[in-house]
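S.K.: This is the feature table in TrEMBL:
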DOMAIN    181-549  domain 'UvrD-like helicase ATP-binding'
BINDING   202, 203, 204, 205, 206, 207, 208, 209  ATP binding site
Ligand SMILES: Nc1ncnc2c1ncn2[C@@H]1O[C@H](COP(=O)(O)OP(=O)(O)OP(=O)(O)O)[C@@H](O)[C@H]1O
């Protein structure tokens with residue numbers, strides 16, 4: 001009874017604090033609204049004032065949006081100092097009272113650090129860490145940890161870990177932000193002062209995505225010069241981006257761009273291709289191949305014949321080469337350099353025409369003088385040689401005309417044709433010679449597959465991007481910071497595409513090499529990053545699994561030993577049911593799956609069920625699974641996702657499908673937060689014919 005009264009008293013006390021924060025938040029919003037109305041109503045004089053006004057209105061709109069985003073669960077924590085009992089409330093944004101007193105501290109501010117980093121071993125001057133659970137503006141519960149070794153008093157409400165509570169709630173199909181429960185090892189990475197490249201790896205479910213997204217929010221808060229240039233979050237596919245799409249907005253950050261490779265290149269991949277062909281296309285050697293091909297379209301050691309209306313001028317090979325070298329100096333891409341080349345060539349042409357005119361003029365004068373026997377200059381009262389000025393030739397306008405002259409353009413096209421990135425990629429993929437020069441061995445069969453021309457495959461997109469950079473110059477869209485999730489998926493060519501968009505090399509890269517898909521040959525972060533920064537990147541490893549139960553993790557152990565023998569199993573903080581494998585005949589599979597989903601739904605209403613199968617099977621089962629209320633995912637697309645229950649259909653089939661089969665199965669098994677079931681088809685349909693990791697039992 002006493003405990004309940006104390007709890008109610010503490011909740012009431014916190015409610016008063018939270019009410020004051022909400023009142024302040026509302027006052028801030030309405031002050032901004034008033035400022036906005038005033039700005040809109042004020043008369044503007046001219047475009048500059050109008051621009052300044054529009055900018056002010058847009059900034060106010062954004063800040064109102066940020067304040068409103070913080071409204072939900074505005075405050076989630078509090079720390080009390082051991083020394084004097086002074087307390088600080090921690091929340092989504094910072095708020096100060098009218099007198100300037102801090103009422104709420106932004107979770108990213110330095111003052112909030114002890115909320116995340118203090119431990120009993122190193123309490124950082126904190127006696128009590130309190131978590132507040134809010135429903136909208138209402139305080140529902142408080143939960144305390146005493147860090148300085150003193151005994152809890154009547155107003156300390158020590159209970160279950162808020163982290164375990166957060167992890168045990170049913171999944172919703174969207175990732176939630178975790179600013180309230182970020183753990184010390186995660187927080188250290190999120191607020192790292194390092195501005196360069198940071199790699200964070202760790203097994204499935206160790207919070208890499210959570211860390212990456214909170215890091216993005218921290219970068220926006222703590223490094224304004226980077227924030228100004230924009231932040232990109234890059235993910236493997238749209239499904240994954242949808243899954244994580246709510247985290248940053250609920251942290252108040254709306255200005256982050258989320259993109260996949262098709263988004264960056266603005267081309268959809270419509271063609272599937274064998275894994276080993278995708279791996280060939282992902283090799284950076286193909287960037288050399290494209291560069292070679294481009295160079296082969298630029299003149300080397302050839303003369304250039306140019307016809308004008310009255311004359312033909314042949315520029316010598318060394319003159320043409322000098323123009324080429326100058327045009328390529330700025331590294332602006334083949335087509336833009338061609339325009340510069342044209343200018344240099346026309347300059348050379350005009351100089352030659354001027355020289356010829358001068359020579360012709362003086363020859364003509366000499367002839368005339370010989371014929372008439374008089375000195376023309378003396379007659380005209382002029383000293384020296386015949387001057388072309390006397391003819392009043394406007395060489396500038398001749399130069400302008402020649403730049404536009406289609407005959408000149410055609411002549412230049414013979415040594416420096418305009419290129420299209422698409423043709424360049426097709427050209428490379430069907431050029432036996434260029435491919436042979438940059439790759440060790442390409443078989444005739446591979447050549448036929450590489451040369452396919454119906455649409456683009458996923459691996460083609462990075463080639464297209466590279467070709468665009470070579471032909472039209474590097475993309476004008478770049479970012480101050482890029483967060484790369486599921487980074488183990490990227491090929492060398494895809495890394496090139498990302499690095500081109502981040503000239504400052506400020507990146508957060510998260511991934512797990514044991515989960516790598518089939519289309520990359522990269523097996524270490526060093527290999528991926530050293531071409532850009534050598535060893536200048538920091539590396540963190542996460543070791544605690546926040547998603548999967550101990551029982552499920554242990555079931556993945558044999559598979560992990562096979563696919564990444566040097567990787568340790570992470571440590572799970574939760575327990576649950578043992579994974580189960582159910583036997584089924586092929587014919588009975590769809591109906592058994594339907595009943596299984598129904599059974600799980602009945603036992604665990606409101607929870608998410610994910611059915612994961614090899615790609616072909618996933619298509620075949622789509623309708624059945626949707627009807628039963630589950631979500632079907634093809635195994636290669638399951639990376640990053642999670643469900644309360646996962647049902648793997650035909651684990652042996654997933655394992656055998658494609659070159660990354662065992663890794664796909666490992667990913668599939670680690671998507672479950674609570675329970676893992678497998679349906680293994682066999683001729684007998686008996687249970688126990690296989691283990692969850694897809695091998696015979
Ligand atoms: N500090 C935390 N507070 C609350 N939830 C957390 C925390 N850390 C991680 N989680 C949750 O644990 C689950 C796994 O996290 P996350 O998806 O970030 O792991 P991951 O390492 O990216 O996994 P994978 O390699 O499988 O993609 C998610 O539901 C995430 O919300």
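The first residue you see is number 1, and the count goes up from there.
Glycine too: its Cβ is placed from the backbone N, Cα and C atoms.
Tell me about the surroundings of these features in the structure.
M.R.: Contacts of residue 205 (ATP binding site) defined by a Cβ separation under 8 A and a same-chain sequence distance of 6+ are given as 545, 546, 547, 548, 570, 572, 642, 670, in order along the sequence.
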S.K.: Per residue, counting other C-beta atoms within 10 angstroms of the C-beta, which of the binding-site residues 202, 203, 204 reaches the highest number?
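M.R.: It comes out as 203.
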S.K.: From the binding-site residues listed here (203, 205, 208, 209), select those whose CB sits under 6 A from an atom of ligand 1.
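M.R.: Once distances to ligand 1 are taken from each Cβ, 205, 208, 209 fall under 6 Å.
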S.K.: Are there any residues in the same chain, six or more apart in sequence, whose C-beta is under 8 angstroms from the C-beta of residue 206 (ATP binding site), and if so which?
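M.R.: Expected: 542, 543, 544, 545, 546, 570.
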S.K.: Sequence gap of 6 or more, Cβ distance under 8 Å: name the residues on the same chain that satisfy this around residue 208 (ATP binding site), in order along the sequence.
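M.R.: Residues satisfying the criterion: 200, 201, 202, 485, 510, 511, 512, 542.
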